[in-house]
């Protein structure tokens, strides 16, 4: 089913509600995607892009219902990747002599995928035009490395529609086509996720290319992307966001992600986060276990952050494989204007944190001090982690911090209530984790200064997840 975009422009693409992996398994398309193809009917009929190769037959069949294929005068391929030009072989089998307009680099890519050098290719460059009748022209603009060497955009005069290729798009599937018809929170989350995970490496190219396009002084009433929505309501809002994201973007946010073998590094991550939050309550802190989290969500949060703390256990004197892989991805994404710190636990050898620090520095992060803990961190070690978080908060602050009352509160509480008054520390008989009444367990909303007798009955050991009944009074404090 086609959808009218504007006047004689129709969307003839394909929705893909089921797709969950893109670029192999490197990008999780949790909200599906769409492959946008557009049919322009003027004195000349133009097809802009096709769809993913897995929908080739369906696409050609649906296109037949819209137009006699022999009446298609021109095909424009803005991008040769298989989710854009995948149906070309099926289509060209029906209309083999139809001219294809694309960049020189696209010919190489198309032949590499489809192996038909005999097709009627026509190379276009920035500023080239194609008259399609009724006083309208297509204007071509090369956009190399946004995000492939062959990429270009196509502008339709008269209707003032920019067919923007991958730029300004998102992997987002909805029965509605236009930006003002869909859930705005979902839409902009997917826009940022798309930019962070796909276009970040090319941020240095985004601003000059947008400036070049704006320099044509052409009105833009709509931006028709290759994936996701068509921007018809205030279409330049997404252009403004791209300019913002391309300018070494950061928010007052810190991302912590880690992998752990025995939960020791998780304990460190939680304590570091506590230290950050108590020192700078304005900063957003997000924690991810890479083994249980969506990798692309982690990378989107890194993109948004002013700094990242990466934690790993030591295994065979190196970092955990999932951490190594994610750091390699961050290296390729070439994040800018961000700080980093490595941390982790180890047993007899602690080489992973040092290797991790080196890798983060190689990835372009400005490094802060790292932190190591041997074996399972005890209360003293966890306090060092909290202090590390406090120091990170101070070093990475974007504005003067509010005066902390933490130390004052602790001192006042200590003078009024001694540790002895709070009762003994309790130890889990299964995993040996120790509950200290003076420190409580903030992750379960048990405030510092809560004696064991007042800890809720639904309390679970943070390490082994067993209940209060497995706890015993710490042997060293038993009377």
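The backbone N, Cα and C atoms fix where each Cβ goes, glycine too.
Same-site candidate for Fe cation 1 binding, as annotated by Swiss-Prot with 79, 81, 147, chosen from 97, 131, 159, 166: 166. Cross-referencing 10, 227, 346, 388 against the Fe cation 2 binding annotation in Swiss-Prot, which names 83, 166, picks out 227. Taking the mean position of the Cβ atoms of 83, 166, 227 as the Fe cation 2 site, the remaining same-chain residues with a Cβ inside 8 Å of that point are 33, 35, 36, 79, 81, 84, 165, 169, 171, 225, 226. Comparing the Cα of residue 352 (FMN binding site) with the Cα of every entry in 79, 166, 461, 464, these being the binding-site residues, the smallest distance points to 464. A simple way to gauge crowding: the CB of residue 147 (Fe cation 1 binding site) has 18 other CB atoms within 10 angstroms, across all the protein chains here. The C-beta environment of residue 83 (Fe cation 2 binding site), restricted to residues of the same chain at least 6 apart in sequence and closer than 8 Å, consists of 22, 33, 35, 51, 52, 53, 226, 227. Reported as a whole number, the C-alpha separation between residue 367 (FMN binding site) and residue 428 (Fe cation 3 binding site) equals 37 Å.
Same-chain residues that are not part of 79, 81, 147, 166 yet have a Cβ within 8 Å of the Cβ center of the Fe cation 1 site turn out to be 83, 84, 146, 148, 151, 165, 226.
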